[in-house]
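Annotated in TrEMBL:
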TRANSMEM  12-32  transmembrane segment
TRANSMEM  52-70  transmembrane segment
TRANSMEM  77-96  transmembrane segment
TRANSMEM  102-122  transmembrane segment
TRANSMEM  134-154  transmembrane segment
TRANSMEM  174-191  transmembrane segment
TRANSMEM  198-217  transmembrane segment
TRANSMEM  245-263  transmembrane segment
């Protein structure tokens, strides 16, 4: 019970730190993006190559920020330049293996694309960015929360026992239904200026993407034999453990916004 109380308390701390900046937008979101990139860069570096943590953090952090905030015309230059850099490290730095080099590049690219998507959502005028972001968060985390609840009470059939032994098909289906329903109900009230068919499509897609993202990063942890990416957040593991599903949802959401003609 004490562990549950502490875990819940820290969850409230996370909400207090993250939700207000997302609602206020502007420089507050920029500060949150920077904090997210720095924490993620640290976690990737600690797993990527422990002998060169400072170098790894610096390169990962720079890659993420440039991916998130550089003009689109420079994006391929950023990706190509850092890809070259990561492979160069594998050639010239002792014990900097090609596996860890590819891991650092891939994970930094993943977070960088999510930051770019978050940045794009907030380039819109008025409160649209914050309202749309809440839509993404609800689809993602309601799915995650209800997947746990439904799995706890009804779970019998393992979803991916070799990757995440506690996840069940019952939990995944329950999480998907609740994530889709609750996010769409939110959209009906707070996103009335967006096409109805598009909202239905997004509400159907994002909870599925959230579960794929969760399992994907669980697979990464399983490969490296770790339970959490770090212990930055007491009782919750690392930042990447908390945003594993969100980074995938943000990337897909960015594409859906562009495809729907909502973002240019």
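From the backbone N, Cα and C atoms, a Cβ is placed for every residue, glycine too.
TrEMBL does not curate its annotations; it predicts them automatically.
Non-local neighbours of the transmembrane segment (52-70) in the same chain are 33-34, 37-38, 40-42, 44-46, 78-79, 82, 85-86, 89, 93, 96, 104-105, 107-109, 111-113, 115-116, 118-119; each lies 6+ residues outside the stretch with a CB under 8 Å from one of its CB atoms. Highest Cβ contact count with the transmembrane segment (245-263) among the listed stretches 77-96, 134-154, 198-217 falls to 198-217 (criterion: pairs under 8 Å).
Contact between the transmembrane segment (134-154) and the transmembrane segment (198-217) is supported: at least 3 Cβ pairs lie under 8 Å, counting only residues 6 or more apart in sequence.
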